[in-house]
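Engineer: Before we start, here is the structure in question, set down as structure tokens.
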Amino acid sequence: MALDGGSGRVGAAAAANPLSRFTCPVCLEVYEKPERAPCGHVFCAVCLQQCLKPKKPVCGVCRSALSLGTKAVDLEKQIEATEATCSGCKKKLALSKMRNHVASCSKYQSYLMEGVKATTKDMTYQPSRNIPNRFTFPCPYCPEKNFDQEGLAEHCKMYHSTDTKSVVCPICASMPWGDPNYRSANFMDHIQRRHQFSYDTFVPIALFSVPLSSLLKEDKRWE
């Protein structure tokens, strides 16, 4: 979705985007029911459950053994108390309310559409039997490229399902609000949760897959 300002990895990403401390490293969205793993890293409750599915789960950030987490009450309070500005209507809202707001804000959706139009001018595409001008993306793990979204997901599932390396999502990075240096701690789960539909076929749906933390402006009261 869209904020200007999101926690994924601490360091360069946090410095570039103050709201990054509120961003789940798996789905790249503002934390929803955040839970803190024993290693100290925080995930959305649903994302943590997904990460715990393997027989020997590991933290997607530090690769240490992963087990059930505890509710991150402190972070939840900060999300409730931190305001951000909608990039569409410029209204200030608590981060916890921003997801519902942007889903119905017509000015915000127009703002996203302008970004989509600007992006599609430079995106690579290839003809398809059923869908013309199908956007394509490279594999973040190997030199293979020219995948549509479904093809990329299938390729990674088939050849890279056991790869534990943190990688940049090529789909998110291609968007005007995307950070080409932001790595997803669990790319396989990320692409399944965030990119279920083809970008070029389902643009209205894809608009709601933009990381909210990358498009809001933060009211800095938690520095």
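Just so it is clear, glycine is given a Cβ too, placed from its N, Cα and C backbone atoms.
Fair warning: this is a prediction, and the values are worked out from it, not measured in the lab.
According to TrEMBL, the record shows the following:
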type: DOMAIN; residues: 24-63; note: domain 'RING-type'
type: DOMAIN; residues: 86-105; note: domain 'C2HC RNF-type'
Engineer: Which residue counts does DSSP give the domain 'C2HC RNF-type' (86-105) for helix, strand and coil?
Structural biologist: 10 helix, 3 strand, 7 coil
Engineer: Mind checking how the domain 'RING-type' (24-63) divides into helix, strand and coil residues in DSSP?
Structural biologist: 7 helix, 8 strand, 25 coil
Engineer: Would you report the average pLDDT that the model assigns to the domain 'C2HC RNF-type' (86-105)?
Structural biologist: 83
